[in-house]
Amino acid sequence: MKKVANMMGIIGLVFLLVCVCVLYPAAGQIGEIGSISVTSSPSGADISLNGEPINAVTPYTIQHLDPAYTYTIKLSLEGYQDWVQKNVNVVSQQTTYVSATLTPIPPPPVCTPYATKCIGNNLYRCSYDGSRWDFMESCEYGCSGGACNSVPPRGYISVSSSPSGANIYLDDAYHGTTPRTIAAVAPGHYTVSLDLPGYQRYETGVDVSAGGTSSVSASLVLSPTPSPTSGTISVSSSPSGAYIYLDNTYKGIAPLTITDVSPGTHAIKATLAGYEDWSTNTEVTSGSTASVSASLTQTSTPTPTPTPKAPTTVLGVIAALAISGIIAAKVRRGGKYKKK
């Protein structure tokens with residue numbers, strides 16, 4: 001029993017010594033920490049410590065850093081180049097100061113290096129770094145497509161109309177609708193024509209000079225309304241439903257309107273079963289409507305006349321009997337003669 005107690009005492013003593021050896025150095029290191037104060041110009045940059053963001057922006061002091069290590073500070077701000085400082089040392093119970101001046105990211109190139117372009121009649125070339133356009137020369141015959149013209153330039157024709165939207169024809173070649181500027185026209189004389197539905201066609205001549213702009217401005221005139229070349233006949237009947245004929249050509253059942261009738265005198269006839277035919281002449285003028293109203297008359301039905309019958313009289317009967325007796329007597333006589 002004593003041996004067991006002695007053993008437990010030894011084990012407890014060893015455990016106590018181990019705890020003292022381990023915890024004493026750690027307790028000594030609690031005070032051995034430092035910090036890094038980070039500022040930037042401009043401020044507001046995101047801070048990363050040893051490659052890991054710490055969710056803080058400048059100015060900011062990073063605390064509880066172990067002096068046994070070195071640190072890498074990285075600052076990031078939109079529109080600026082990243083700033084990095086390596087091997088930042090920390091001194092126990094002291095603050096190490098890190099200050100950064102951020103460099104703006106250069107703007108994108110203004111142009112493609114050595115490219116050319118025209119500004120007016122002048123030729124420009126992009127600088128080697130793409131930051132600007134440099135003047136090269138003034139072009140005698142004008143500038144186009146990033147190069148000086150080697151021959152005299154062509155001209156322009158500016159065409160407008162009131163109202164707008166008219167079709168443009170240059171010597172019968174279509175060039176869109178007004179308003180429009182026709183470019184690259186060789187010097188010379190041309191005919192400009194404008195067409196717009198409902199308006200009279202407009203034509204004019206125009207001269208084009210090298211490098212110049214000729215203008216055409218047209219006030220379009222409305223086309224006159226064509227005069228009607230035919231008239232109309234409106235036909236009704238009483239009673240309605242009569243068959244209507246125009247110049248002996250059937251046109252339909254009344255009431256009806258007959259259109260596209262040539263000017264002049266025309267014959268109208270109306271027929272209906274049980275009614276007498278009705279007809280008249282009417283005068284038709286261009287652009288107007290002639291009205292015709294047919295009043296039909298019923299057909300009269302004649303009353304049949306009865307045939308008189310001969311009256312039966314006593315004398316007639318006696319005469320008939322007498323004639324019958326004479327005939328019978330003759331028959332008898334004839335029979336006796338034949339027997340002799």
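The backbone N, Cα and C atoms fix where each Cβ goes, glycine too.
Predicted automatically and left uncurated, TrEMBL annotations should be read as such.
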> Of the ranges 2-23, 310-331, which one does TrEMBL list as transmembrane segment?
Replying inline: 310-331
>> With Cβ-Cβ distances below 8 Å as the criterion, list the same-chain residues six or more beyond the ends of the compositional bias 'Low complexity' (289-302) that contact it, or say none.
In response: 231-239, 242, 254, 257, 268, 270, 272, 274-276, 278, 280, 282-283
> Could you count the residues of the compositional bias 'Low complexity' (289-302) that DSSP puts in helix, in strand and in coil?
Replying inline: 0 helix, 8 strand, 6 coil
